[in-house]
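Right, one structure below, let's go through it.
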Amino acid sequence: MQHIIDRFVSYVTVDTESDPNSETTPSSAKQWDLAHKLVEELQQIGLQDVTIDDKAYIMATLPSNIDKKVPTIGFIAHFDTTPDFTGANVKPQIVRNYDGKDIVLNEAQNIVLSPKYFKDLLQYKGQTLITTDGTTLLGADDKAGITEIVTAMEFLIQNPEIQHGTIKIGFTPDEEIGRGAHHFDVEKFGADWAYTMDGSQVGELEYENFNAAGAKITFKGKSVHPGYAKGKMINSMLIANDFISDLPKGETPQETRGYEGFFHVHHLKGSIEETVLELIIRDHSKKKFEKRKELIEKMVQKINKKFAKQFGEPIAKAEIKDQYYNMKEKVLPVKHIVDIAEEAMKQVGVKPIIKPIRGGTDGCQLSYKGLPCPNIFAGGHNFHGKYEYVPVESMQKAIDVIVKIAQLTSSTDFENPAPKSRRKR
Ligand SMILES: [Zn+2]
């Protein structure tokens, strides 16, 4: 297990924080530091066609070691860390044989990782945890994923008796600022499907995410001296306020879970003359998603009708932009790619936890670019902050799952990959 720890530590101690305010790719020059190191390492362990392009996207190939033709599969992870919390000077702490009690991350600053608050810790009693020193994030998101993919490839190279088809691996920059898939060359990658190793706790397997849109609604007003305003003033802030009140009750992020969609008002800025309201729309169901967008349009029309006479022209305007879609639409027609991952987990003693993502992943963008791409656990918890930790045993399980998926893909009969009844449209 020590080689997993060493490899992981060698990655997280390189700062790769991405920068949403930058327009370059990668968004921060420091991401090159780890990118170059990874390229070298991939060559060293014996992968072939190791490439890095001018935007720091890394790809490599493990050639097939069998005669028959089987699907080419890929494993993908991102090497940047979130700009939400510092990733500079990460000093990983190794907690061996975790006793189920509080872990003091930083004595001087009294920062404690406690199972009283983070109950998930208790399922890792007796295991080896890697934590922060309380002053930075850890970067298990997603350097755990990179560790697992590299180690699994190394294992397959060192154990050539394990049969597998061609395996592609891809490491990307800038996932945390939503751009990881933007410059991913799906054609060059050349896999039939892939998995992002970017989920959280051991067992997670995800292939459903939100359909997402953003709406910007602009309300116009008319400013008049308040003393002479009767029948003349139109206060755009109050119209926006009415609009928000008219949104369906109980459909906010804080009141929903599972497959429940929502409207989320996240920005409001106004004066009497003009108020701009920004909200996001989320729903797993494509039909309900479209209905939600229609509702916004209808509410805007209703306000325009109400003020038509007084204002003369439309008083409100909505700009609605789709952001990403549910990968389920692209994955269900090839559902066997999820079934293989589920079976692989069961065969290595991991209980699959299949649940819808309340957000998006790089995999959903890749799925719409033609590379169906479910998400598998990387093992970490409490991403994007100082309480982030990862059990080494979970990383080992992820490695086992990758190896098993490679094996199962080479031994499955893909002439009849999935029963017809499971196929959607
Ligand atoms: Zn991630």
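Using the three backbone atoms N, Cα and C, a Cβ is placed for every residue, glycine included.
TrEMBL labels come from automatic prediction, so no person has curated them.
The feature Zn(2+) 1 binding site is assigned by TrEMBL to His78, Asp141, Asp198. Within its own chain, Asp141 (Zn(2+) 1 binding site) has Thr81, Thr82, Glu176, Asp198, Ala378, Gly380, Phe383, His384, Glu388 as residues 6 or more apart in sequence whose C-beta sits under 8 angstroms from its own.
The Cβ of Asp80 (active site) lies under 8 Å from the Cβ of Thr16, Glu17, Ser18, Pro26, Ser27, Ser28, Gln31, Pro173, Asp174, Glu175, Glu176, Ile177, Gly180, each on the same chain and at least six residues away in sequence. If you look up TrEMBL, you'll see Asp80 marked as active site.
Sequence annotations record features per position, and here TrEMBL assigns Zn(2+) 2 binding site to Asp141, Glu176, His384. The secondary structure of Asp141 (Zn(2+) 1 binding site), as reduced to three states from DSSP, is helical.
In the three-state DSSP scheme, Glu175 (active site, proton acceptor) falls into the helix class. Residue density at Glu175 (active site, proton acceptor): 27 other Cβ atoms are found within 10 A of its Cβ, drawing on all protein chains shown. Residues annotated as active site, proton acceptor in TrEMBL: Glu175.
Here TrEMBL flags 207-308 as domain 'Peptidase M20 dimerisation'. Across the domain 'Peptidase M20 dimerisation' (207-308), the DSSP tally of helix, strand and coil residues reads 39 helix, 31 strand, 32 coil.
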Completion exercise
Out of the binding-site residues His78, His384, the residue with the smallest number of other Cβ atoms within 10 Å is His384
Completion exercise
Taking every residue in the domain 'Peptidase M20 dimerisation' (207-308), the average pLDDT works out to 96
Fill in the blank from the handout: So Glu176 (Zn(2+) 2 binding site), by the Cβ count within 10 Å over all chains shown, scores 25
Problem - In sequence order, those recorded positions of Asp80, Asp141, Asp198, His384 whose CB lies under 6 Å from ligand 1 - result: Asp141, Asp198
Problem - Remaining residues near the recorded Zn(2+) 1 site, that is with C-beta within 8 Å of the centroid of the site residues His78, Asp141, Asp198 - result: Ala77, Asp142, Gly145, Glu175, Glu176, Thr196, Met197, Ala378
Practice task
Run through the Cβ atoms and count how many others sit within 10 Å of the one on Asp198 (Zn(2+) 1 binding site).
Solution key: 26
Problem - Cβ within 8 Å of the mean position of the Cβ atoms of Asp141, Glu176, His384: remaining residues of the chain near Zn(2+) 2 - result: Thr81, Thr82, Asp84, Leu137, Asp142, Phe383
